[in-house]
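Below: the structure, in structure tokens.
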Amino acid sequence: MTPTMVEHSGLDIMCLNKYCHSSSSSSSSEHDKKIFTKLKLSLSGDYPRKNAEILSGQYGTNLLLIGAALMLAIAHHDPSVKEEHLLSFATCLMILQLIWMMWYILVRDRQKSTRTEKDVHATTCWIRGGLTLLALLSLIMDAFRIGYYVGYQSCVSAVLGVYPVIHATHTVAQVHFLWFHIKDVIKSFETFERFGVIHAVFTNLLLWCNGVMSEAEHFLNNHKRRLSALGYENLTIEHSEPDCNCTTSTCSMFSSSLYYLYPFNIEYHIFVSALLFVMWKNIGRTIDLSSNRKKLVTKTQGLTLGPILGLLALASTIGILVVYITHVEESLRMRQSAISMFYIYGIVMLVVMCFAGASGLLIYRANHMPLDTSKNPSRQLDTELLFGSSIGSWFMSWCSVVAVLSTSSSPPYRWTNLIYSLLIVLEKYVQNLFIIESLYRQQENGEREDPELPAAPEIFSVTSSLAPPYNGIINRAYETPDRTCVTMENEQEESGQVYRCPRKHSEVPLPVGTKVVEPPNIKRQILKNIAVLLIMCNISLWILPAFGCRPQYDNGLEQETFGFSIWTTVLNFAIPLNLFYRMHSVASLFEVFRRV
């Protein structure tokens, strides 16, 4: 007892000492160190991944800026920087991307035994099929470029012949990569793969910018020739033909045909860069199995009014295009009538699209379906691209509004230009809302799964769970009737294995071969017709500017207000974005059609 008492008294005396706080301070300092260590680990847990994202993003951005600097120097016609330098730079980037894709495919072949996670939302078969069609047209353009080089090979750089060959090889390899690997969620060599994917993204963006610049320069030169024929002076027309004679008789045909294929090549590269950006965002991502499913319906019953009106819009678009191109270079009166015809056609088209989009929004508001808030990089990118690409045509439309209200001249199409410009703004508002509302709506029960996913041969109930199924012996005598069936479904495309819930004896199985006839859903049929109509209308509004019907160059109102150089700069910025918006809207609306 005494030693214990002495020990306790000693401890008490020590606590009365002025250094008594040292023990508590040491324990608190250790506690602070532990907290700091935990905080440091929590802050640096994602550091390598975030660091790789930032570094790779800066790398890709600087690649694009180098190419943009070369393009600006070429546009200024600096004799020290020529087109061959830009094509050499783009060729090197394509070769590096080819090396990376070959390396990735070889690594994937060696890891066949390892199951790779896939994001089923990354793309669909019809998107890859559309990109394949655009790639085929790009290959035809490469063939024309090779034929053009063969005719002028005595006086042009060899880069003009090497570039289309590398571009064709790059196109074939990239389409193969998109078909078989674009859905992969990369979990190995993440930092290196992130640089490889972002290199591919910005290589395609640079090729898109090069195509846009070439096509805009060609159209601007044609516009200058038209103005010179009408009596305007002080316009410098740049001649891009080589300084020697063509050795074949097809050089002029190859040269003129290239610019009809540029729109398809431009759309190909911008769509590929968007898909590869989704792949870049998916690197290292943990896929949520419960949301990594797509339930889509491809029924086409009740499609009458939408396709009929859409085909009518497409046919009238072809007629407007032919009439406009043939009359815009004739006399002043014919030119004004062609421009007026375009604006009247555009007003009718935009009013129909606004009414269709607003009707779809009203149906969604009346349906009260909840929104899908699960993480989906592909859907988020669709939303951002719709908004970002709308800026170009909005800016062009507001410039036209300012020009119409401030100009002193009054051609016959002055006020139709004003109405058309305001409707462009309104139509994009309504269509963006309709597309985003459709993509973020949860799908109704009873829809079948995406055909890309493995289908079950029987009718069963599946609930997502991270717990593995029980593989041992189950005594079914002790099972309760309301027991939930915990299952796990493999969402990978390569495997068809699905865990099925046992049926209860009270359930009546459906006879094999019978077909359940669902009652027609009027709202769903109306939404499908609206989606088809908007698809056709957006294709029509893409065809017109893509193939030369651009009244913003020819009406003279904006050019009188802003000046020739400023207005052409605005158009060179806005028209490519508008073209991309229309084609991207077609892709998004087709997804809406499948989800309805």
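Any Cβ shown, glycine's included, is placed from N, Cα and C.
Automatic prediction, not curation, is the source of TrEMBL annotations.
Note that the structure is a prediction, hence the values are computed from the model and not measured.
Record features (TrEMBL):
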TRANSMEM  59-75  transmembrane segment
TRANSMEM  87-106  transmembrane segment
TRANSMEM  126-148  transmembrane segment
TRANSMEM  160-180  transmembrane segment
TRANSMEM  192-213  transmembrane segment
TRANSMEM  259-280  transmembrane segment
TRANSMEM  301-326  transmembrane segment
TRANSMEM  338-364  transmembrane segment
TRANSMEM  385-406  transmembrane segment
TRANSMEM  418-440  transmembrane segment
TRANSMEM  526-544  transmembrane segment
TRANSMEM  564-581  transmembrane segment
Looking only at residues six or more beyond either end of the transmembrane segment (301-326), which have a C-beta under 8 A from one in the stretch?
-> 338-339, 341-342, 345, 349, 352, 520, 524-525, 528-533, 535-537, 539-541, 543-544, 547-549, 551
Highest-contact recorded stretch vs the transmembrane segment (59-75), from 87-106, 126-148, 192-213, 385-406, 418-440, CB pairs under 8 Å | 192-213
Sequence-distant residues near the transmembrane segment (526-544) by C-beta distance (under 8 Å, 6 or more away from its ends) are 300, 302-307, 309-311, 313-314, 316-318, 320-321, 324, 342, 346, 349, 352-353, 356-357, 359-360, 363, 431, 434, 438, 550, 579, 582-583, 585-586, 589-590, 592-593, 596
Sequence-distant residues near the transmembrane segment (192-213) by C-beta distance (under 8 Å, 6 or more away from its ends) are 52-53, 55-57, 59-61, 63-64, 67-68, 71, 74-75, 86, 90, 93-94, 96-97, 100-101, 103-104, 167, 174, 186, 262, 265-266, 269-270, 272-273, 276-277, 279-280, 283, 572, 576
In the same chain, who gets a Cβ under 8 Å from the transmembrane segment (87-106) while lying at least 6 residues past its ends?
-> 63, 66-67, 70, 159-160, 162-163, 166-167, 169-170, 173-174, 177, 181, 193, 196, 199-200, 203, 206-207, 210
